[in-house]
Amino acid sequence: MRIAFFGDVVGRSGRQVLSEELPGLREALALDFVVVNAENAAGGFGITEKTAVELFDAGADVLTLGNHSFDQSEALSYIEREPRLLRPVNYPEGTAPGRGSSLYDLPDGRRILVINVMLRLFMEALDDPFRRINEELDACPLGQVADAILVDAHGEATSEKTALGVYCDGRASLVVGTHTHVPTADWRILPGGTAYQTDAGMCGDYDSVIGMDKEEPVNRFVTHMRSSRFSAASGEATACGLFVETDDRTGLAARVEPIRIGGVLSQARPESTN
Ligand SMILES: [Fe+2]
Ligand SMILES: [Fe+2]
């Protein structure tokens, strides 16, 4: 299965780069399934139906979220009626609306399990992410129930995300980090066959402080005072993500390559050849 994942879409410029680039990439890479983290899609904070539809129209099959899932209150009801939208799976039972994982059918009958999980170091602590992921993977074995399994590990700490990747090695096709908005250079296939990257980076304007206009974040670090609201940077965005090809006999990764298209970062575009 040929899968692309894109990190946190930040505001209009992030949505725009995907609208411009994703249709062409879907075709060039013959993508079977595209997952996009959209926790910052609406002006940098959360998601609305309108911004979600823009990303679905661009070619996203499933949208994942994170600590900003419900910054926009309309997401509380929207997620109840949109099965393609996932929030972290490890909210305590009976708290957040919606779902944190789902098994999706491809038109050709193959199936992919997508799980969004939130880690705990330096973040609001939800239920134990390792325990929840273990339950999810036990309930839906790779290569038996699911032809591919993608885990979006939303977390701040490199160590915790790496540990989760190692913990899932051999049981998921891809464990990819989100939330820091900066792509790491450690994409690889772990020894057990799981593709891994600590953070996919954002789809946003990198001439910024992690997607926000530069002035106010710097001001807050320098003065410890709040002088205005954060606003999403509006310059040309880089679409940051990962391309993974799995072996359909096992569900494990056979190939993993970074994607960085547009904007100020160095460019990376997977070869379209098989
Ligand atoms: Fe984010
Ligand atoms: Fe986040």
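Cβ atoms here come from the backbone N, Cα and C positions, even for glycine.
According to TrEMBL, the feature active site, proton donor maps to His68. Among the features that TrEMBL reports, Fe cation 1 binding site is placed at Asp8, Glu39, Asn40, His181. Annotation source TrEMBL lists Fe cation 2 binding site at Glu39, Asn67, His154, His179.
Features per TrEMBL, on structure.
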residue	record	DSSP class
Asp8	Fe cation 1 binding site	coil
Glu39	Fe cation 1 binding site	coil
Asn67	Fe cation 2 binding site	coil
His154	Fe cation 2 binding site	strand
His179	Fe cation 2 binding site	coil
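Put plainly, the binding-site residues Asn40, Asn67 were compared by Cβ crowding within 10 Å, and the winner is Asn40. Proximity to ligand 2 (Cβ under 6 Å from any of its atoms) holds for these binding-site residues out of Asn40, His179, His181: His179. Highlighted here are the binding-site residues (Asp8, Glu39, Asn40, Asn67, His154, His179) whose C-beta falls below 6 Å from ligand 1: Asp8, Glu39, Asn40, His179, in sequence order. On a Cα basis, Asp8 (Fe cation 1 binding site) lies 7 Å away from His179 (Fe cation 2 binding site). Under 8 Å, Cβ to Cβ, and six or more positions away along its own chain, His68 (active site, proton donor) finds Glu39, Asn40, Phe45, Gly46. In sequence order, Asp8, Asn37, Leu65, Gly66, His68, Ser69, Pro88, Met118, Met123, Gly155, Thr178 are the residues of the same chain, not among Glu39, Asn67, His154, His179, whose CB sits within 8 A of the CB centroid for the Fe cation 2 site.
In sequence order, Gly7, Val9, Val10, Asn37, Ala38, Gly44, Gly66, His68, Thr178, His179, Met202, Gly204, Gly211 are the residues of the same chain, not among Asp8, Glu39, Asn40, His181, whose CB sits within 8 A of the CB centroid for the Fe cation 1 site. By the criterion of other Cβ atoms within 10 Å of the residue's own Cβ, the least surrounded of the binding-site residues His154, His179, His181 is His181. Within the same chain, the residues at least 6 positions away from Asp8 (Fe cation 1 binding site) whose Cβ sits under 8 Å from its Cβ are Gly14, Asn37, Ala38, Glu39, Asn40, Gly66, Thr178, His179, His181, Met202, Cys203, Gly204, Gly211, listed in sequence order.
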